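**Student:** There's a structure below that I have some questions on.
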Amino acid sequence: MLRSFRSCGARIAPPPLTRHWAVAPPLTRRWASTGAMATPPPARPGWRPIKKVSMVRTSGGALLLCKREPSPERPAHSRAAQASAWQPQCAAPSPAQMDIKTVAIYSKEDFNSVHRTKADEAFLVGQDKSPVGAYLSAEEIENNVDAIHPGARQDQAPARNTRFVELCEQAGITFIGPPSQVIQRFGDKTEARQLAEEFGVPVVPGTQHSVETVEEARDFCQSIGYPVICKAAFGGGGRGMRIVRSEDELETNFLSASREATTAFGNGAMFIERYVESPRHVEIQIIADGTNATHLFERDCSVQRRHQKIVEVAPSIGLPESLRESLYADAIRITKGAGYFCAGTVEFLVDRKTIQVEHTVTEVITGVDLVQIAAGQKLHEIGLSQEDVAMRGFAIQARVTTEDPAEDFRPDTARLSAIAAATPSCSGRIQVWRPAEGFGIRLDGGNAYPGARVLAHYDSMLMKTNIPFILNVLKHPDFVSGHATTSFIGDNPQLLDFTDARDRGQKQYLESSSPRVLTEEGPEGFAKAVRQSQGLLLTDTTWRDAHQSLLATRVRTRDILAIAPLTSHVLGKCYSLENWGGATFDVCLRFLRECPWERLQQMREDVPNVPFQMLLRGANGVGYTNYPDNAVFKFCDVAVKNGMDVFRVFDSLNYMDNLKLGVDAVGAAGGVVEAAISYTGDISDPSKAKYTLDYYLDLARQLVECHIHVLCIKDMAGLLKPAAATTLISALRKEFPNLPIHVHTHDTAGTGVASMLACSAAGADAVDCAVDSMSGMTSQPSMGSLVAALQNGERDTGVELQELSKLIEYWETVRFSYAAFESGQKSGSSEVYDHEMPGGQYTNLQFQSTSLGLADQWSQVKRNYAAANRLLGDIVKVTPSSKVVGDLAQFMAANGLDEEGVRAQAETLSFPSSVVEYFQGAIGIPHGGFPQPMQAQVVKELPVFAGRPGAELPPLDLDASMAALKAKYGDSTSETDLMQTTPRVFEQFKADVHHFGDVSKLPTRAYIEPLELGEEISVELERGKTIGISLEAIGMLNEKDATREATKVQRPKADGGDVNSVGAPMPGVVVETKVALGENVAAGTPMLILSAMKMETVVAAPVAGRVAQLTVASGDDVQAGDLLVELQ
């Protein structure tokens, strides 16, 4: 269906192609369908308004059904409709504004079609039939409707299907178009030919009836000679047409055309006529009401390929005036004499007196909306006579299709997107959609929107490929002078000489390593393209590590998606966007109450052109402990299916066995394996002998043997100084000349930009950075600084600074919303070289310390962090090992312990669970082994892992786990639900969603901060459904003094001098009580588990005894020093 010129209303029924027009100044539209007529036509007996409309796409058109709403004033059997209430093109005003409901019928292939999603109701038809055959299932179409409109392309089924219209008439349904007897006469080319002869319209020799066999065709062709053209007798639009130049070609071409007609129109009958070489194809637009007929001038459709019109021009250029008037007269004579009803076209020299819907170039030059007669009005009722129609200016229509002229116009759907290859059952997705706009431009788009699938089952519609070809056509002298004929394209092969224009609005990243390379050539091809890139490639960490480092990982999905389209454009040439995994996964569930899988899916939908990168903690997945091997493999597989591309695989201790497990899991899933070596120490400092250059080179050799695709140096604390960076990257590049090298760092000390420039000069292929307003300090180095420093040089990043500024401004504004999570750090700090705290942990640990009541001891916590690192053996610090160090540092601060105090009391202290598990070997074995006697003092009699911890875990029963989830949460449970972090975290998330609903819909400020009294916000729950929320009151007020009463529970405190009085070592929540009142316990027996900000602590019995008092239960909040257990 067509949108009226200059209309801004929403389209419901898409035409088959995207069409662009360059037009003369618009006319005042006397018959515009974008509003009700000032004076409605006189009522007729039995007429009633249409109340419900439905649509169906029919090979490039849309079938509209008008729902019957019986009422005493409007009986169900009445069929006609007031034209003022019926506007098939569904332009503004919308059907809803006209009190018309919409219903769609669709094939299974059209599930995502615009016409289905925008309808009030939608019904599947032809489920077991072909894509086209589904729409020929007339008997399946719901008959509780007022009227049916056959769509924008009435030259295709079912508009030409007489039987279809007869079924409508028998069911009492108004068919918005010609009655069945008119379709029979005009839709059948043989009968149309007889009509032309009857009314004295000249025709070329052709068959008197439809032809169904090769023998019939051969007999006729022998009588008139060759060449001839075979046409579908009951179809159009260029389908089912073949030229036959000799008898040798007849059988093959006849059968081929017949098969195509059967597929497209459900009828393979042929019409054959003498083929006219290189004619001009001129069409006369007619609008008739069964009694009178008016022509709306002509259009030239001579520029064709395979008998399908490519460019239309109205009016025709260079047509002699006498011939023009003769064509008008012939067209009026045949349509008026035959009692034609509806909008239609009479085509000359190729003789087709066919029923076609309105042509838009005609609408543009006349200002007449051609759908009104189809709605049942008489010409005189709308004041439309031949004298009222005037022609002004010219209009050119060009059809943009997905055919590639450089490949003989091969339909170009399979290469549109990486998603297409991942989903073979579909064709491509539209990755970029920028419709033409502006004065004098009219656009009729099909299913055109970002992410829309381009199906191979219907007309090739709208995308990149034939635009340069159309531009060549429009500039050719023969076209400009009006001398183009139907052989114009074939006679001018130079039309196919063009440069494939680049998409400057949506650049493909890495040029040669775009999603197409990743899809078609796999991770190996991707790695090769990275290595071949001359410029320095960038990874933007703004969507993950940057906000983890600066804002405690609290940035919500809605704030990411709001900038996603612009990010897709500005950073289209980047190596990747780091946007998932790591702490963001856990924080999504625990604190943001959002599903991390849905976040990934939404980001992938909005950014189809840049690789996504995640952080995978080796054998730990995205959790803080080991998982069964098959669970890690399954997680990676599901992540790839949901849009993840590059997996940065690391281990918190550089423990090779854990790294190999992650590498194997990603490789099996088909992802890009970017294996990371976590950097610590300082290879430029001779006094630091534990982590040397040889240590890192040896790790790299072991990883290369695992067939990785990319090597990453992961400097999680910002310890890699420029000199050390030059030494390390130069050595790696020399030993591994073909291996892509990617470097990650933090800017905590303020040297990040200098270090990354040094890496670039030493041979690194890619580095991490963040948008300027989310960079610096504990985040990554400034992207803008790197871009500017390398601009116009050999290592130019390809990122435009002016475009980047838009992202900088956005995040600068958004960051204010998360001020509550800022660390308060105002500048970089070189003290990181002492405490070595990872940038991603800094703000999280500070926030946790504040929550634990240690805000005034933050400086001590940082000093304790360095001491804890020494106590643990000077280890690599990255999640989860960094969490172990942080937990121990906070434990020391909460209990007033220094390094020596911990060593002295190690055997009696109730260390955090993470510390105990570390010494058990639960996250692996650190370089150089565990320090003694600390390990023995902490572990005591607990078991110790001898090798890779996950190897001892039994496989997860995935089927049983899924069955259990479905039993608890319903059949809608998916494999992404199975692949969450821990059952307890997921259960709490589901409980929160059940209790609070989808809180991701709340504006960020309202989610983070409480509303002010009397404040009101708007929340869009779903499309078109917005509610208002206001804070009217808070609690119960004391009317005497306007105060609110609160009750505070005071718990008894433990006696610090009595070993039998066991107190809480830090503030937190009681997760589990493991003893009961009266139970006898041995020294070291776990009695309770406390949790505070993701840190769990086991409270063990300091001495043997009987539980005389248990003051807490699961779920209770406690403060440091509160009495938990009294022993006797």
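Glycine is treated like the rest: Cβ placed from N, Cα and C.
What TrEMBL says about a protein is an automatic prediction, not a curated fact.
Below, the features straight out of TrEMBL:
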- Lys189, Glu273, His307: ATP binding site (BINDING)
- Asp545, Lys714, His744, His746: Mn(2+) binding site (BINDING)
- Arg617, Thr879: substrate binding site (BINDING)
- 193-395: domain 'ATP-grasp' (DOMAIN)
- 536-805: domain 'Pyruvate carboxyltransferase' (DOMAIN)
- Lys714: N6-carboxylysine (MOD_RES)
- 68-90: region 'Disordered' (REGION)
**Student:** Which residue, of the binding-site residues Glu273, Asp545, has its CB surrounded by the fewest other CB atoms within 10 A?
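**Tutor:** If we count Cβ atoms within 10 Å for the binding-site residues Glu273, Asp545, the smallest count is at Glu273.
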**Student:** Could you work out which of the binding-site residues (His744, His746) has its C-beta surrounded by the smallest number of other C-beta atoms within 10 A?
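**Tutor:** Sparsest of the binding-site residues His744, His746 by Cβ contacts within 10 Å: His744.
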**Student:** Compute the C-alpha separation of Thr879 (substrate binding site) from Glu273 (ATP binding site), stating it in Å without decimals.
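**Tutor:** Counting only the Cα atoms, the answer is 77 Å.
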**Student:** In this predicted model, what is the average pLDDT of the domain 'ATP-grasp' (193-395)?
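**Tutor:** Residues in the domain 'ATP-grasp' (193-395) carry a mean pLDDT of 80 in this prediction.
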**Student:** Within 8 Å of the centroid of the Cβ atoms of Asp545, Lys714, His744, His746, which other residues of that chain place their own Cβ, given that this set defines the recorded Mn(2+) site?
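**Tutor:** In sequence order, the nearby non-listed residues are Thr541, Asp715, Met716, Thr745, Asp768, Gln780, Pro838, Gly839, Gly840.
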**Student:** So how many other Cβ atoms are close to Lys714 (Mn(2+) binding site), meaning within 10 Å of its Cβ?
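**Tutor:** Its Cβ has 25 other Cβ atoms within 10 Å.
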**Student:** Distance between Glu273 (ATP binding site) and Lys714 (Mn(2+) binding site) at the Cα atoms, whole Å?
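**Tutor:** Just about 74 Å between their Cα atoms.
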**Student:** Between His746 (Mn(2+) binding site) and Arg617 (substrate binding site), how many Å separate their Cα atoms?
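**Tutor:** Cα to Cα, His746 (Mn(2+) binding site) and Arg617 (substrate binding site) are separated by 18 Å.
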**Student:** Between the Cα atoms of Lys714 (Mn(2+) binding site) and Arg617 (substrate binding site), find the distance and write it as a whole number of Å.
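**Tutor:** That separation, Cα to Cα, works out to 12 Å.
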**Student:** Under 8 Å Cβ to Cβ from Arg617 (substrate binding site), same chain, six or more residues apart: give me those in sequence order, or none if nothing qualifies.
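**Tutor:** Spatial neighbours, sequence-distant, of Arg617 (substrate binding site): Gly581, Gly582, Gly623, Phe650, Asp651, Ser652, Gly662, Thr879, Pro880.
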**Student:** What is the Cβ neighbour count of Thr879 (substrate binding site) at a 10 Å cut-off, with all protein chains included?
**Tutor:** 26
